[in-house]
Amino acid sequence: MHTDLDTDMDADTETVALCSSSSRQASPSGTPTPEADTTLLKQKPEKLLAELDRGGPPPAPGVPRRRGSMPVPYKHQLRRAQAVDELDWPPQASSSGSSDSLGSGEAALAQKDGVFKVMLLGESGVGKSTLAGTFGGLQGDNAHEMENSEDTYERRIMVDKEEVTLIVYDIWEQGDAGGWLQDHCLQTGDAFLIVFSVTDRRSFSKVPETLLRLRAGRPHHDLPVILVGNKSDLARSREVSLEEGRHLAGTLSCKHIETSAALHHNTRELFEGAVRQIRLRRGRGHAGGQRPEPSSPDGPAPPTRRESLTKKAKRFLANLVPRNAKFFKQRSRSCHDLSVL
């Protein structure tokens, strides 16, 4: 015997079943159920870790994949919903432009292939870019600007009947990136041209500081360094004499040459001389079987050499050249000859 209460309970049970069935039928096929959400939550950590191991999070639909040439810092991997600005951190490596050519991993291969890298150093306004552009146009059609770089030039030249590839980098001044880029230049160059203007004594006085920074960063290398007095055609505006430039070169154990990038005077001699200096110093290192700098039995040579250069630079800047004029004359006698050590 069924009572009204039993009838109501049966009706309620049937209503609940119908509602549940209707709810399942009304759900779109693409909408995840709670069970599917649980499965996705279980799978997300493993998938995310796998993507992080490969270098970054999975790209969102419609968003192009990031190039794999530069690793993304972990803090940017966590910003899943934000665009990553590649200038937010100092780049450590690059696969295009000048930074790729500067990679230290290619140094040995570059030497075998006869590729020499020459860095232009010096203060702003001394004519580095004009020198680089002049180098790029020495042979017309045979010169070309490197791809993806505005300040790097590469060309094949014949020096002493042997063809080499010479790459000239005018990237010493690059705005906010100048600090780390300058250090990278100092570590990877094969020869260094420290350019000053003969019409600007301040740029001339900065030469010892630049050279000391270079040799402090690479104390175990016999680096070819040429002091370049540019704008020699501006005779009426000259502030640095030829003799002063040679004296400084003799003091700092460098080569010296005066050029006029505007008139293409001595520009060919400069870059061919840089190639000769690289060959001569590498040949001397191979012949001696060790680093050519003098060594001391009481300790390593680099600190002593750096200290000596500092003292010499101070003596020069303190106007002590006249007292040692004979010594400097002997040291600077061949500093203008780029075909000898």
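Just so you know, glycine gets a Cβ as well, placed from its N, Cα and C.
Annotated features in Swiss-Prot:
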type     : residues                                                                                                       : note
COMPBIAS : 1-13                                                                                                           : compositional bias 'Acidic residues'
REGION   : 1-72                                                                                                           : region 'Disordered'
COMPBIAS : 18-32                                                                                                          : compositional bias 'Polar residues'
MOD_RES  : Ser27                                                                                                          : phosphoserine
COMPBIAS : 43-54                                                                                                          : compositional bias 'Basic and acidic residues'
REGION   : 84-106                                                                                                         : region 'Disordered'
COMPBIAS : 94-105                                                                                                         : compositional bias 'Low complexity'
BINDING  : Gly122, Glu123, Ser124, Gly125, Val126, Gly127, Lys128, Ser129, Asn230, Lys231, Ser232, Asp233, Ala261, Ala262 : GTP binding site
REGION   : 282-309                                                                                                        : region 'Disordered'
COMPBIAS : 294-303                                                                                                        : compositional bias 'Pro residues'
MOD_RES  : Ser296                                                                                                         : phosphoserine
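Here the features listed in Swiss-Prot are painted onto the structure.
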| residue | record | DSSP (3 states) |
| --- | --- | --- |
| Gly122 | GTP binding site | strand |
| Lys128 | GTP binding site | helix |
| Asn230 | GTP binding site | strand |
| Ala261 | GTP binding site | coil |
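Among the binding-site residues Ser124, Asn230, Ser232, the residue whose Cβ has the fewest other Cβ atoms within 10 Å is Ser124. Just so you know, the Cβ of Lys128 (GTP binding site) picks up 27 other Cβ atoms within 10 Å once every protein chain is counted.
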